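What TrEMBL records for 4-67 is domain 'Release factor glutamine methyltransferase N-terminal'. Under the heading domain 'Methyltransferase small', TrEMBL lists 103-187. What TrEMBL lists as S-adenosyl-L-methionine binding site is 111, 112, 113, 114, 115, 134, 161, 177. Per TrEMBL, substrate binding site is recorded for 177, 178, 179, 180.
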Ligand code: GLN
């Protein structure tokens, strides 16, 4: 099959067909695709392209088909064991870097998934010492691989939230993007989300279960003056601020995402 035939063969958006072709033939530039439409794919390339195109037509996320997604300017390996990194989560990274600056800090990411947050923080703030926790061994394998590929020093632990951190001292910053979707939310059955690990998306409850647990446990693990920063759903800002205040944290605030929706909330332990 030629490039042009491949591009036209399925009812895929052209951009997606092009990305799949570039995945099937690494090094194929956009310019070459346009300049050389009659370039012939090998039989294996054709077959792989066909398989990927059909999976895409069944709804599988592009990030899983390509095996990677960009986050904060870097490529992270992803698999169906991890949530696909979202642009909204870049706000959490920005907020953390803005609050703490480049001084040495002990930092932990709870529920790290692909490792996007912890690895980005480790690379953007080289003086910080990063730890990261996830319940899923399969997710940790992806995260460890990403840390190695990107050259980030992150210590990973398997377990639930704070449990594997006992004896690890206290933190200047705790960050988390926990599962916060309510169990019956229709989004769980739509689009890319259908293919993502359910345990990374929903608490199988009201959406606040993990946020509550993380917030309640934070004061005992934060240093004086330390911050807790959390991503949450667009309609959870009020509830999360109330939980942060109830835990005795100060400077409680919420930052909007690019769509202007409540997305990241934070609080500080009195210093
Ligand atoms: N932001 C994701 C979504 O809306 C949810 C991520 C999460 O639950 N932490 O699909």
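Quick reminder: no glycine exception, Cβ is built from N, Cα and C everywhere.
These figures come from a predicted structure and were not determined experimentally.
Positions of the features from TrEMBL, shown on the structure.
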residue: 111; record: S-adenosyl-L-methionine binding site; Cβ within 10 Å: 23
residue: 112; record: S-adenosyl-L-methionine binding site; Cβ within 10 Å: 30
residue: 113; record: S-adenosyl-L-methionine binding site; Cβ within 10 Å: 28
residue: 114; record: S-adenosyl-L-methionine binding site; Cβ within 10 Å: 27
residue: 115; record: S-adenosyl-L-methionine binding site; Cβ within 10 Å: 30
residue: 134; record: S-adenosyl-L-methionine binding site; Cβ within 10 Å: 30
residue: 161; record: S-adenosyl-L-methionine binding site; Cβ within 10 Å: 20
residue: 177; record: S-adenosyl-L-methionine binding site; Cβ within 10 Å: 25
residue: 178; record: substrate binding site; Cβ within 10 Å: 21
residue: 179; record: substrate binding site; Cβ within 10 Å: 20
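Checking the binding-site residues 161, 177, 179, 180 against ligand 1, the ones with a C-beta less than 6 Å from an atom of that molecule are 177, 179, 180. Residue environment of residue 180 (substrate binding site) contains 22 other Cβ atoms, counted within 10 Å of its Cβ in all protein chains. Of the candidate binding-site residues, 178, 179, 180, the one lying closest to residue 115 (S-adenosyl-L-methionine binding site) when CA atoms are compared is 178. Excluding 177, 178, 179, 180 themselves, the residues of that chain whose CB lies within 8 A of the CB mean position for the substrate site are, in sequence, 111, 176, 181, 200, 201, 203, 210, 211, 230, 231, 232.
DSSP classifies residue 161 (S-adenosyl-L-methionine binding site) as coil under the three-state reduction. In sequence order, the binding-site residues near residue 112 (S-adenosyl-L-methionine binding site) (Cα within 10 Å of its Cα) are 178, drawn from 178, 179, 180.
Ranking the binding-site residues 111, 113, 114, 134, 161 by the distance of their Cα atoms from the Cα of residue 179 (substrate binding site) places 111 first.
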